[in-house]
Amino acid sequence: MPRRRDEMVPDAEFRSYYGQPVIKQPLWHEPHMPAYLYLGGLSGAAGAMAAAARLTGRDRLELAARMAAFAGAGVGTVFLVAELGRPMRFLNMLRVFKLTSPMSVGSWTLAAHSGLTGVAAGSAVTGLLPLAGDAASVASGLSGMAMATYTAVLLADTAVPAWHEGMRELPFLFAGSALASAGAAVMLTTPRALAGPARTAAAAGAMAEIVAGGLLEHRLGLVGEPYRTGRAGRLMRASRVLTLGGGLLATVARRSRALTALSAMAITAGALCTRFGVLEAGRASARDPKYTVVPQRDRLDAGRPASVPGR
Amino acid sequence: MAERVGFFTDTTVCIGCKACEVACKEWNDVPDDGFVFRATSYDNTGALGASTWRHVAFVEQDGRWLMSSDVCKHCTHAACLDVCPTGALFRTEFDTVVVQPDVCNGCGYCVPACPYGVIDRRQDDGRAWKCTLCYDRLRGGMEPACAKACPTKSIQFGPLDELRQRAEERVERLHAEGTTEARLYGADPDNGVGGTGAFFLLLDEPETYGLPPDPVVTTRDLPAMWRWAGGAALALAAGVAVSFLRRA
Ligand code: SF4
Ligand code: SF4
């Protein structure tokens, strides 16, 4: 009978079927899925920034935010469709609306957000229908809030231990990362004298991303191990360094174009590392039966088996 | 709605002949899942998957050999069905869980959602596949192909209530005969998936057979997940607001 002792976590003695995984690994691809997570987050937070810029009368910054929001949603959708096993059936996503499926909720959110950011960007570029453009820009602030966070629920609502148990931290990680990404994109495409709020957003988002990432890695105990080890661990560490550097640079990026570019690039690379790292941690935690079996066995041994109250 | 039906797989009488695997493939026209020698046991299918809807596990232990034919559990609270964004997965009139291949767009969400690692996507075809509990045969008043083919009645098909009662009696008898390690897996309607439509009589801990010891339907926690995401969305809004409240 295969029994295994794990060096890092002494208590993780458990039994398995020839060390095979119990659950299936997420089959989402690189770069499609992490790229979509990044772009969707960027687009969502940029929508929120466009709305704030509209409401505070910052026209030039709003233009940049509108374009970033539209580009993120547009390119992100391409990655999302390419991810499907049957891309031609993409529209089946809008066949039903299911609150129990974060992917259904997300598809409708993406459809609404793409439409709104498309109208806002189209109006800004062509000068047509300025009132509709402004209204869409403000509304994309709301759809953007959902865009930047639903993807955390998408991952957490699986049997993958590192994702499911990260249901508290993942939304804050993604929201922070989204704010940093959007701040980076907007400060890069706005004249420096007018980009103050984008720089603040980039720095604040970067700090939130680092704090939430740290909690995710350390609060989950055994199940959080995949975020700290192997390829996922390297990606999460790289993300931390890049995001910290980029966030600190953002606070002084007003001084020069080069500093702005360096900060934006570091933040963007950090946000991408976060998404690739989270996907990889999910895969690793599904691949090793330890993360599935040990917490469940502990639950049983403690006399607290799972149940589904009220259903 | 017809009566809820399911499988009771009594692993104590399984002889590992794999007639169920073959009958399933034949009837459902399931493609080849690779012909590999795994060098661990007589198991050459390895695990359930898109093209393996019955999987016979071989567990070699000191002095005994455990064999068990695994299958989709047709959960009462089925995570695969809950998370499917297209409605391709649905609950039938027999209370079983089935994918409609003409609707599935291969998003792959059901795959990591299943707490048992059952459903999977076929590489070449791009869609998700799993046991249908022979939906077509049920509609024709026949029992599923695997149960029909099983020569030892290890796989028993029938109304779930009846099966559960029969299984209880079987465990009692085994205990009386001294096989005290016999236990039911999945039969309890109060477990983390609300009880399974396909349940098992095992002779060791579930994880020994590659089964999760205490699975839970991930969507049980979905309201909490949405609440945390809502909190993060508000934090994002606050972050943006603070950034824009400056003068410059
Ligand atoms: S065992 Fe998995 S695939 Fe089968 S019904 Fe339950 S969740 Fe769905
Ligand atoms: S892969 Fe198909 S069956 Fe599975 S969740 Fe997506 S649409 Fe539904």
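Numbering starts at 1 and runs along the chain as displayed.
Positions of Cβ are set from backbone N, Cα and C atoms, glycine also.
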Which of B:Cys24, B:Cys107, B:Cys114 belongs with B:Cys72, B:Cys75, B:Cys80 in the [4Fe-4S] cluster 3 site listed by TrEMBL:
B:Cys114
Record says B:Cys24, B:Cys131, B:Cys134 bind [4Fe-4S] cluster 2. Source is TrEMBL. Which of B:Cys14, B:Cys17, B:Cys146 does it list for that same site?
B:Cys146
With 8 Å as the upper Cβ-Cβ limit, not reached, which of the binding-site residues B:Cys72, B:Cys75, B:Cys84, B:Cys107, B:Cys114 neighbour chain A?
B:Cys84, B:Cys107, B:Cys114
Sort the binding-site residues B:Cys14, B:Cys75, B:Cys150 by C-alpha distance from B:Cys104 ([4Fe-4S] cluster 4 binding site) and give me just the closest.
B:Cys75
How long is the line from the C-alpha of B:Cys107 ([4Fe-4S] cluster 4 binding site) to the C-alpha of B:Cys17 ([4Fe-4S] cluster 1 binding site), rounded to the nearest angstrom?
35
Between B:Cys134 ([4Fe-4S] cluster 2 binding site) and B:Cys80 ([4Fe-4S] cluster 3 binding site), what C-alpha distance do you get in Å?
18
Does DSSP give B:Cys75 ([4Fe-4S] cluster 3 binding site) helix, strand or coil?
strand
